[in-house]
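Database features (TrEMBL):
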{"type": "DOMAIN", "residues": "6-43", "note": "domain 'Excalibur calcium-binding'"}
{"type": "REGION", "residues": "21-43", "note": "region 'Disordered'"}
{"type": "COMPBIAS", "residues": "31-43", "note": "compositional bias 'Basic and acidic residues'"}
Amino acid sequence: MSTQGYVAGTCKELRRMGLSRFTPGDTNYTRGRDRDNDGIACE
C-alpha cells in the first residue's frame, strides 16, 4: 500500500495503521524495514 509521505514507526506500528507491503520506490520502503531483503518491506 502506498502513502503520500513518509510515515515514521516500526512495521508493527505501521501495520496497525493499515500500512504494509512497501516496495522500492515507495516513500515508506527502507532496507531496515525489509528484513528478509526480498524487496517488500513490512509484509
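Keep in mind that glycine also has a Cβ here, set from the backbone N, Cα and C atoms.
For the domain 'Excalibur calcium-binding' (6-43), the mean pLDDT of the prediction comes to 97. In terms of DSSP helix, strand and coil, the domain 'Excalibur calcium-binding' (6-43) has 9 helix, 2 strand, 27 coil.
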